[in-house]
Structures are given as C-alpha cells and as structure tokens.
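Colleague: My questions all concern the structure below.
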C-alpha cells in the first residue's frame with residue numbers, strides 16, 4: 001500500500017508540473033479580447049508574467065501548432081486570453097510614462113512626462129519643424145511617436161532666421177522649404193575617396209562631398225542646394241546635364257544654369273493650400289501647382305512670396321531684404337541634409 005501511495009503522489013506531482021508548464025505566452029491582448037503575437041509556448045502563467053510587460057497575456061490551453069496557426073491567422077488571436085496585469089500595481093511603464101486605469105478599467109501606460117523643471121512656458125519649435133504650444137506638449141509627442149524629437153529653439157517655428165536664438169554653438173539655417181532650423185556647423189568633413197562624391201551646388205560651386213555642401217550651407221546661414229551630382233560644368237542648356245534618380249533638368253534663366261528637380265508629384269486637391277506668386281510673376285493655386293508647371297515647361301520657377309502676385313506681405317519684404325544682404329541666389333533651393 002505504501003508503494004501505491006508513493007506512486008500516486010509522484011503521478012499527481014507530475015500532472016501538477018505538467019499543468020503548470022502547459023500554456024502559451026503572448027505579447028498583447030487585442031481589443032477583441034484575444035491574445036495576439038505569440039511570445040513562447042509551454043510556459044506557466046508565473047513564468048509568462050514575470051517579464052513585467054504590461055501588455056503580456058497568457059492562455060492556459062496546451063494546443064498543437066496547427067491550432068495556434070488557425071488562432072493567429074483566421075480567428076484574430078487566441079481565445080480565453082488572461083492578461084498578466086489587472087491593475088496598475090507593480091507596473092513599470094518606463095521613463096516619461098505612468099500606469100493609469102482606462103475607461104474599461106484596464107491598466108494602460110500613458111505619456112506623462114515630468115514638466116516641473118521647465119522654465120520657458122511659451123511655444124517651442126521642434127526638430128520636426130512643427131510648433132508646439134509648450135515644451136511639455138513636445139515631450140508628450142516625443143513619448144507617443146517621435147523618440148528623437150527635441151526642442152531646437154524657443155518660440156514658434158519661423159520662415160526666417162530673424163529673431164531665432166539657437167542654443168549652444170548651433171547656427172540658424174533656412175532650408176529648401178523656407179523653414180528656419182538650428183544646426184551645428186563645426187563638423188569635420190573627411191576628404192572624398194571617389195570622384196563620384198562630387199556635387200554641384202546651386203551657387204555654381206563644386207563641393208567634394210555632401211558633407212562639404214552641408215557645412216557651406218550651415219556657415220552661410222541659408223540653403224545653397226544641390227543642382228546635380230558630379231562636378232559643375234559650363235552647360236549651355238539642360239541637354240548638357242544628366243540627371244539621376246528620376247529627376248528632370250529645369251533651366252534657371254536668371255543665372256544661366258540647370259538644376260535637377262523631382263517631377264511627377266501629384267498635387268492634392270485641398271482647399272487649404274495657399275496660392276503663391278512665382279518668379280514668372282504668375283499666381284499659382286499652390287506651390288505644388290507651381291512645381292508642376294515648371295516641370296511641364298522645363299523652366300525653373302521659384303516662390304517669390306505667398307498669396308497672389310497682387311498682394312505682398314510685410315514678412316515677404318523682410319525676407320527679400322535679407323536675401324539682398326546675405327545671398328543673391330534663391331533660398332528655396334533643394335538641400336539634401
């Protein structure tokens with residue numbers, strides 16, 4: 001009798017261990033309540049939930065691979081999904097996030113950056129070229145979807161470097177879309193290893209590499225832009241210039257040079273687009289429509305100012321004043337940062 005009891009005890013222990021191991025660990029529970037994204041099979045709930053992830057879930061069924069495949073592909077996930085975390089207790093969401101119970105009484109990690117040490121309460125311009133109402137709003141955007149987002153300067157994003165105060169040793173530069181950015185100029189450019197690295201700038205100067213063009217742009221404080229790849233040549237027309245990457249040569253009659261530009265862009269049918277006055281003194285429905293006309297004619301067109309050619313804003317006059325003082329070439333040139 002003693003031997004039988006011992007055998008039964010061992011059998012029960014074996015079944016208990018097997019049931020503890022049988023189960024599947026999943027990385028999330030979907031809105032339909034099913035487990036999705038299989039992490040590992042044959043794990044106990046304790047082992048699965050020890051990862052500490054808020055979204056980790058577990059299913060008890062020890063099923064074969066065919067059933068798992070059907071669940072994931074045809075059924076929207078595994079049924080009888082058990083979330084590892086039912087409350088916010090002992091949930092570590094990481095820096096800048098906090099665990100809160102949502103409307104369905106489920107724990108969720110939400111963005112909650114520490115904004116207590118922020119001294120500047122006004123709007124800021126982010127590295128993405130967008131204006132945020134304050135630095136705390138920018139930190140929330142960084143937490144949600146843009147981990148590399150930072151403040152580049154205080155105040156709203158501007159179209160000119162006037163009144164832009166860049167932090168540290170960075171310098172204000174106007175890019176090809178006429179937006180002001182703070183960049184660092186003191187980079188060391190390596191010597192080119194191949195003649196294929198040469199670039200012709202929109203200023204007619206040959207640069208040894210893209211790094212040299214970026215540095216020259218930075219020191220100048222506004223966009224120089226890339227005309228075409230290779231050394232600058234004395235072209236008489238666009239027929240002398242070979243464009244790469246699906247670009248088309250547009251001729252700039254003002255300076256007698258060609259420039260390779262991207263064409264074929266479809267203009268969106270949006271009523272929010274602002275009309276622009278182009279360098280041919282014609283008004284276009286949008287900047288995209290102007291580029292479309294330029295690609296069609298083969299003649300380079302630049303934005304003189306926003307709005308129709310019959311109206312000139314004060315900001316435009318300021319920008320034109322800056323252009324005469326600093327640089328005689330167009331500021332809306334293409335700059336490949």
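Backbone N, Cα and C atoms are what each Cβ position is placed from, and that goes for glycine too.
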Colleague: Kindly point out the range from 280-308, 309-337 that Swiss-Prot annotates with region 'Disordered'.
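Modeller: Within the set 280-308, 309-337, Swiss-Prot attaches region 'Disordered' to 309-337.
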Colleague: Three or more CB pairs closer than 8 Å, sequence separation of 6 or more: does that hold for the domain 'Kazal-like 2' (179-234) against the domain 'TB' (23-96)?
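Modeller: In this chain the domain 'Kazal-like 2' (179-234) does not contact the domain 'TB' (23-96) - fewer than 3 Cβ pairs sit under 8 Å.
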Colleague: Tell me, what is the mean pLDDT of the domain 'TB' (23-96)?
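Modeller: Average per-residue pLDDT within the domain 'TB' (23-96): 87.
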Colleague: Cα-Cα, whole number of Å: residue 281 (N-linked glycosylation site) versus residue 117 (N-linked glycosylation site)?
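Modeller: The separation of the Cα atoms works out to 50 Å.
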